[in-house]
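Novice: Pasting a structure here, questions to come.
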């Protein structure tokens, strides 16, 4: 009985090591550590984002001020609070990993923002530009809540050409 358990454990351990190796290899090839940064370059790791990233490099938000871009992809597309940011980043990353692993035949040629992403971008526009926007409108009152008008409805292409 002990010998059978011992063999079973050895097989289990062997499979676990193989699985860990495949996982590390995949993580390395996917430039996994780059996703822990705020660098916009990490969003360009996958070819589906090349056009968007190249547009971003030409946009006003990518222009450097004091050696840093005015806004990174994360500044616009993720919540700014620590926990919400990492929850959103994890959900997005796992969703993308699943799609690129198991749904290769049905991948879209262009990604579209879902309702939650649009809400995050809208909130970030208001937060970053509240000083400027308050000269024209009071963005905290959500003046366009009844007709689905958002900041990017009028300010298309600020971060990249392809919109929502």
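Note that Cβ sites are derived from N, Cα and C of the backbone, with glycine treated the same way.
TrEMBL feature annotations, pasted as is:
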type	residues	note
DOMAIN	7-161	domain 'NapC/NirT cytochrome c N-terminal'
BINDING	43, 46, 49	heme 1 binding site
BINDING	73, 76, 77, 160	heme 2 binding site
BINDING	74, 85	menaquinol binding site
BINDING	125, 128, 129	heme 3 binding site
BINDING	151, 154, 155	heme 4 binding site
Novice: In the same chain, which residues outside the set 43, 46, 49 have their CB within 8 A of the centroid of the CB atoms that define the heme 1 site?
Specialist: 42, 44, 45, 47, 48, 50, 52, 53
Novice: Here are the binding-site residues: 43, 73, 76, 128, 154. Which has the lowest count of other Cβ atoms within 10 Å?
Specialist: 154
Novice: Can you tell me the mean pLDDT for the domain 'NapC/NirT cytochrome c N-terminal' (7-161)?
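Specialist: Its mean pLDDT is 82.
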Novice: Could you state the whole-number distance in Å separating the C-alpha atoms of residue 125 (heme 3 binding site) and residue 151 (heme 4 binding site)?
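Specialist: So the alpha carbons of residue 125 (heme 3 binding site) and residue 151 (heme 4 binding site) sit roughly 7 Å from each other.
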Novice: Neighbour count first, Cβ atoms within 10 Å, every protein chain included; then name which of 77, 85, 155 tops the list of binding-site residues.
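Specialist: By the 10 Å Cβ neighbour count, 77 comes out on top.
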Novice: Based on Cβ atoms within 10 Å, give me the single least packed residue among the binding-site residues 46, 49, 125.
Specialist: 46
Novice: Rank the binding-site residues 129, 160 by the number of other Cβ atoms within 10 Å of each Cβ, and give the residue at the low end.
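Specialist: Taking 129, 160 as the binding-site residues, the minimal 10 Å Cβ count falls on 129.
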